[in-house]
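Record features (Swiss-Prot):
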- Cys70-Cys122: disulfide bond (DISULFID)
- Asn119: N-linked glycosylation site (CARBOHYD)
- Cys166-Cys219: disulfide bond (DISULFID)
- Asn216: N-linked glycosylation site (CARBOHYD)
- Asn266: N-linked glycosylation site (CARBOHYD)
- Cys271-Cys319: disulfide bond (DISULFID)
- 340-417: domain 'Ig-like C2-type 4' (DOMAIN)
- Cys361-Cys401: disulfide bond (DISULFID)
- 423-510: domain 'Ig-like C2-type 5' (DOMAIN)
- Cys446-Cys494: disulfide bond (DISULFID)
- Asn455: N-linked glycosylation site (CARBOHYD)
- Asn467: N-linked glycosylation site (CARBOHYD)
- Asn483: N-linked glycosylation site (CARBOHYD)
- Asn504: N-linked glycosylation site (CARBOHYD)
- 515-612: domain 'Ig-like C2-type 6' (DOMAIN)
- Cys536-Cys596: disulfide bond (DISULFID)
- Asn604: N-linked glycosylation site (CARBOHYD)
- 619-718: domain 'Fibronectin type-III 1' (DOMAIN)
- 699-729: region 'Disordered' (REGION)
- 825-918: domain 'Fibronectin type-III 3' (DOMAIN)
- Asn879: N-linked glycosylation site (CARBOHYD)
- 907-926: region 'Disordered' (REGION)
- Asn950: N-linked glycosylation site (CARBOHYD)
- Gly1010: GPI-anchor amidated glycine (LIPID)
Amino acid sequence: MIPEAFQPRAMKHTTTVLMLALSSRFWSVCADFPEVYGGESAGFGPVFEEQPLDTIYPEESPEEKITLTCRTRANPPASYRWRLNNAELVLAEGSDPHYSVSEGNLLISSPDKSKHAGNYTCVASNQYGSVTSRRARVQFGYLDMFSTDEREAVYVKEGQGAVLLCAPPPHFPEDLSFRWMLNEFPEFIPLDQRRFVSQSTGNLYISTVRSTDSGNYSCFVSSPAIAKSVFSKFIPLVPIAERSLRKYPADIKVKSPDSWALLGQNVTLECFALGNPIPQIRWRKLDGVLPPLRHDVSMSGALLHLYSLQYEDEGLYECEADNSKGKDWHKTHLYVEGAPDWLEQISSSEVDIGGDYIMSCQASGKPKPHVHFLKNGHMYMKGHEVRFSRLGFEDSGMYQCVAENRHGVIHANAELRVFASAPSFQYNPVKPKLLGARNGRVVFECRPRAAPRPNITWSKGTELLHNSSRISIWLDGSLELLNISKSDEGKYTCFAENDRGRANSTGSLSITDATKITLAPSNADVSVGEDARMECVASHDPGLDLTFIWSLDGHTINLQRDAQHYQRKMDSASGTSSSELLITHTQLRHAGRYSCTAQTPVDNTTASAELVVRGPPGPPGGVRVDEVTSDSVRVLWSHGTDNLSPISRYTVQLRESAAQQDWRDAATSPVNVEGNAEMATVVNLLPWTEYEFRVIATNTLGTGPPSEPSPKTTTREARPIVAPSDIGGGGGTSRELTITWTPVQSQYYYGSNFGYIIAFKPHNDPEWLRVTVTDPEAQKYVHKDPKIPPSTRFEVKMKAFNSQGEGPFSNSAFIYSAQDVPAEAPIITEARALSATEAIVIWVPVQLPTVERYQVRYWRESVENEASAQRVLVSSRENHTRLDNMKPDSHYLVEVRACNGAGYGPASQRNRIYTKKSPPSRPPKIISTKMHYSGTSINIAWEKVESLNNESTVAGYKVLYRQHGQPSGTLYTTEKQSIDLPMRRGEYLVEVRAHSEGGDGAVAQVRITGSAPAPALASALLLLPLLWTLML
């Protein structure tokens, strides 16, 4: 019997609505239920589309305004208010000339730091409520100029490190970038393993100063936030020459302090050391490992970059700097905190009037964020949850959940509506036709639109249905039928009623034959690389389409993506279908439980089979090392999976950590490691060497992947057995014995405190002199003794030592002590100027066989320091040389010394040279080019060149006559202001310049074209290469 309430009669519909809309997207009840809400339901509260952003305004900005953006989507359109530091801004016309609002955006004209810096928020409102934007901080940026005070020069010995201080001027914000200029703008110094600029302090660090570092340095500072750059006064860096560069241990000068960073950000840690040789820098995390794929090291180790920080990246980081003289370490703690981030946000919701509702939001962050709620822009409640009971119209409005910690504030916005409505199936009727398989299960859904929640009843035809062993009416109103048969076919009606009305909806049920698997897939056993086959046959209702779905261990096989290994065949007939799955070139990952599911639109059934895949073994586990000696270790491991084929043997491999070698098979005891073993001794190792080990298993089906490497292990120390090679030497300074060698490679140190013992003696002397060299990378030792006779034969041998003892001596080598420096000085016989910039000096050679060459030094008297003199080296076979690069009209002093490998002998007497005045600077002015009446010559004429007071007197003119495009031509000289030149066929250039005792002056050039035959050149004419290039 149909309930009385649902007999046909007039029905009253009453509707009252409140609504909740997310700020991130528009959600309108009226879009889904226009009949329920009518025209008014198209309205909704403000939803932010743009919010104001933090702004840094440059104090020197030419654009004298700041714009803060605020834009919402709302219906009706929202009105806008602005707050500064939580105080309402008066934005009426004429109230404050600095502020104006346009379409929600706040414009600040002629910004003033004292008035307009602070935190701004935008409030958007309409009839449905108000929402408040995130806070936007307005700050004023500046970067002052550097002080105009001169910077003091920095004097550093070559080989030592240097630090040039930047001392940036006052600025805001703190974020600056630094570079250094050398001598002039914009010559920025390149950064490399030896030079580093700290982006924290701006200081320039040079690990090892060289003579080429001499120059003037300026710190160049840029503020990206305000697009401004300034640079300091230049700092002179003066390297002080050392006869031999000393070595200095690594000394870390750039040390990143303990620092804080936010989750997801990138951070860079700095570390740079002074020292000679240039230190090597390495990084490690002391309480963990450097994050794989999220870290990078640059600038030869000076910078450690950590990307997309996670909380587990917090910890203690250490940089190590070392060279052959020593090591240094620095530790810094990195703390990772997080700005608020939503774990759960308030969501859109429609709630029945009088009902209960919980509005909840959860935020993560470090420190833990404080959470509170706003309603229509005002404080509503603290905590992460608001509980409503017996909702009423007064609960309507715009709600915001706000999470805040010291790193930021986030908002989640929503609009609340509560509604009341009679039941309606207009937009969600009962499914009109439902199919069910015999002996199966079906569910009719009944979900009318109604508030308060309606009472639900069901009928079949005119029969009212009740819960039984086969029939269930769920709490949500759905009707479930179990173990169905043909007698269950028919029409089913859902009735819904609440205090505002009633409604019903009807659907029909039809019964089909059940689907059955008649041939299930069979178990299979294959080896890796072989093929496997699974077959499945099913019967089904002829009126329904059947599909087969294959899955492996519960996961559907993607036949398109895995087409390399999976192929499927299907056959269909009336009421029966089959499917065959072919697995080609099987791999270990293909093993498992395969399921065939036969499925129609009404029902499905499944059958399964196991596929076993046998293959090479997996990697051994837990590789570790014990019983370490100087040349052996014991390696232990645990068996990995044998992949259903017994392990026959193990192979142990090793590599040296420092050498970054490829893995190689290790020599073991026993030589052949059986498949049931879990340890082996690795032999023939080098002492005091760091190794890694790994193990590989093999069975009859192949060799498996290697294990993870063992922890790095260093063998014990032992006495060295390798001596230095290529022992030689000789030469050097007087009264010295210079010994050279090729150092022992580091893998043969065999222990700490490695060095060399050198034994040497005159060839026929029975007494050996022994010295110790503690630098393992040293290649030379110079023994100084005033008693050493020159050019004497010495016998030398060497051996290595370490903390465990001394090694064997090398074979003896024979070298000679240094010869004496020349004892006599050359005698200068002539020193005279050739031009304004060149001179010649001639001397009487020193008649000693030990002279190898001569050094000529010259410098400007009373102007240049003798130490800065220009130097020319000349072979001992020469007794004269040409001096160039001299200054015109200047007094020079010149001296000559004989020298050899032992040094320089005494200087000759000093001679004076006075260079000529400069050649004429003005070129001749060519005034005419006239063809001779015969056509065989041409006359070139020019004005006389007058010398200036500081220039040499003109003695004549030089004329170069050459074919265009040729590097040489015919040179003429004349004292006149004109010259006749033979006319030749083709295009020619004529170059004219004045000549004086100071040299040749500036050139004038004219181009001529002739048609006469080109005569042969007279033998008396001189061919010269092209030297003049100036064209007037």
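Each residue, glycine too, has its Cβ placed from N, Cα and C.
Structure with Swiss-Prot features highlighted.
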residue : record                      : DSSP (3 states)
Cys70   : disulfide bond              : coil
Asn119  : N-linked glycosylation site : strand
Cys166  : disulfide bond              : coil
Asn266  : N-linked glycosylation site : coil
Cys271  : disulfide bond              : strand
Cys361  : disulfide bond              : coil
Cys446  : disulfide bond              : coil
Cys536  : disulfide bond              : strand
Asn950  : N-linked glycosylation site : coil
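Neighbour count (other Cβ atoms within 10 Å of the Cβ, all protein chains): 24 for Cys361 (disulfide bond). DSSP places the residues of the region 'Disordered' (907-926) in helix, strand and coil in these numbers: 0 helix, 7 strand, 13 coil. If you look at the region 'Disordered' (907-926), the same-chain residues 6 or more away from its ends with a CB under 8 A from one of its CBs are 825-828, 831-833, 835-837, 839, 841, 843, 857-858, 861, 883, 886-897, 940-943, 945-948, 950-952, 954, 957, 977, 992-1004, 1006, 1030, 1032. Long-range Cβ contacts of the region 'Disordered' (699-729) within its own chain (Cβ-Cβ under 8 Å, at least 6 residues beyond either end) map to 527-528, 614-621, 623-625, 628-633, 635, 637, 640, 642-643, 645-648, 651, 653, 657, 663, 675, 685-693, 737-745, 748-752, 754, 756, 780, 796-811, 813, 815. Look at Asn455 (N-linked glycosylation site): DSSP puts it in a strand.
Between the CA atoms of Asn266 (N-linked glycosylation site) and Cys219 (disulfide bond) there is a gap of 26 Å. For the pair Cys596 (disulfide bond) and Asn950 (N-linked glycosylation site), the Cα-Cα distance reads 107 Å.
The CA atom of Cys401 (disulfide bond) is located 47 Å away from the CA atom of Cys166 (disulfide bond). For the pair Cys166 (disulfide bond) and Cys494 (disulfide bond), the C-alpha distance works out to 83 angstrom.
With respect to Cβ neighbours within 10 Å, the disulfide-bonded residues Cys166, Cys319, Cys446, Cys494 differ, and Cys166 shows the lowest count. Its own atom aside, the Cβ of Cys401 (disulfide bond) has 26 Cβ atoms within 10 angstroms in the protein chains shown. Asn216 (N-linked glycosylation site): 15 other CB atoms within 10 A of its CB, across all protein chains.
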